[in-house]
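Engineer: Look at Swiss-Prot and you will find 19-28, 110, 137-138, 213, 251, 364 tagged as substrate binding site. The active site annotation in Swiss-Prot covers 174, 249. The active site, nucleophile annotation in Swiss-Prot covers 370 and is backed by sequence analysis.
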């Protein structure tokens, strides 16, 4: 059956702010406590979705999570009415209020790991929400993520939505940001590629400055629960030196699609062995791996981190050609811009480069790839997604007007203490569930 890769982007939430919560994420730390523009952030992401949908790519949207999370704040000991909880947290522990208010669920590459039905033992699409246990503000996401995915992908004949792995350092799981898939065609069996930063029970190199968030054990557990064939599953370790340089997920240093791996020469430990293993595995699936390795002499790791060259989307057109979707920061870095010009002019599979303004997300360390969750669906599976989440002219207009109606154009750290922000967010999300036809998705609606 024909299949297509759909990208489900996270809609930026009304509490988008710069709290500097993500140690190891250079952009997040550099922009700590600056004022954010939630309205601009949401519109920038929505415009990317619309342009890609207009180009013929399957484009869906995932709703924001409810923030601030009163559930977290109450769990942490703040009591009283909702406004009292926020006021107490703001006075006694503003860092916890910031964690409870983060809009980080917008980066849906961390929402889950997804295996298409062509790869799984039971012929269903499998989702495992990421536990994101390395960061408090993200560790609170997985239950709502599971609820959202279970709502959109509800038919058990086609979909299996698992619980997140147990939230312990040994099973630290950051989702699809450390996972990609190679195949001859989307609907045919492929190779699933899991990248980890460290192993809990194996000796090996580890970063010294910043934490490795993904473990080998978590990647292997996801592969096992999805029923992936052992010979079609490849594991690789990310080079700890690039983690220490700010590459906190593999999608900051590599991106793959179909038969192509676009990567930096310093991305992996024992890279040639990894290339050889991927090549042999993909050859058995009827395709030849094409590695586009960017040399450090052309684009340094620092260039990659500041421009987010590899935090790009690599998309296949109907004619088989590929397009690279990059943030505008790539055009503002001379080395990266020169490399992209050379890449597009060459004879390789990447023929076009699309540039987007995602400045608000980028200042928190999230580029095009962070904002999307890839889900390969065949025709029957796509038909089973009955919510109004596919971007078209009508939905775009509704969401654009919804953002104009409900979002602030400035949100500074001190604004998180405003109890009106909670009311504004809940009003907005209540209306959004009607637009997307997802029912009573949020705790406050139940």
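Backbone N, Cα and C define each Cβ position, glycine as well.
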Engineer: Of 19, 21, 110, 138, 174, 251, which recorded positions come within 10 Å of residue 370 (active site, nucleophile), going by C-alpha to C-alpha distance?
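Structural biologist: Neighbours among recorded positions, in sequence order: 110, 251.
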Engineer: Would you identify the secondary structure of residue 19 (substrate binding site) according to DSSP, in three states?
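Structural biologist: Residue 19 (substrate binding site) sits in coil per DSSP, no helix or strand.
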Engineer: Return the count of C-beta atoms lying within 10 angstroms of the C-beta of residue 21 (substrate binding site), excluding that atom itself.
Structural biologist: 21
Engineer: Whole-number Å distance between the CA of residue 251 (substrate binding site) and the CA of residue 174 (active site)?
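Structural biologist: Approximately 11 Å lies between the Cα of residue 251 (substrate binding site) and that of residue 174 (active site).
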Engineer: Any idea what DSSP makes of residue 249 (active site), helix, strand or coil?
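Structural biologist: Coil, per DSSP.
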Engineer: Work out how many Å separate residue 174 (active site) and residue 19 (substrate binding site) at their Cα atoms, rounded off.
Structural biologist: 20
Engineer: Fewest other C-beta atoms within 10 angstroms of its own C-beta: which of the recorded positions 19, 370 fits that?
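Structural biologist: Selected from the recorded positions 19, 370 on minimum Cβ neighbours within 10 Å: 19.
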Engineer: Counting Cβ atoms within 10 Å across all protein chains shown, which of the recorded positions 138, 249 comes out on top?
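Structural biologist: It comes out as 249.
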Engineer: Give the distance between the Cα atoms of residue 249 (active site) and residue 110 (substrate binding site), rounded to the nearest whole Å.
Structural biologist: 9
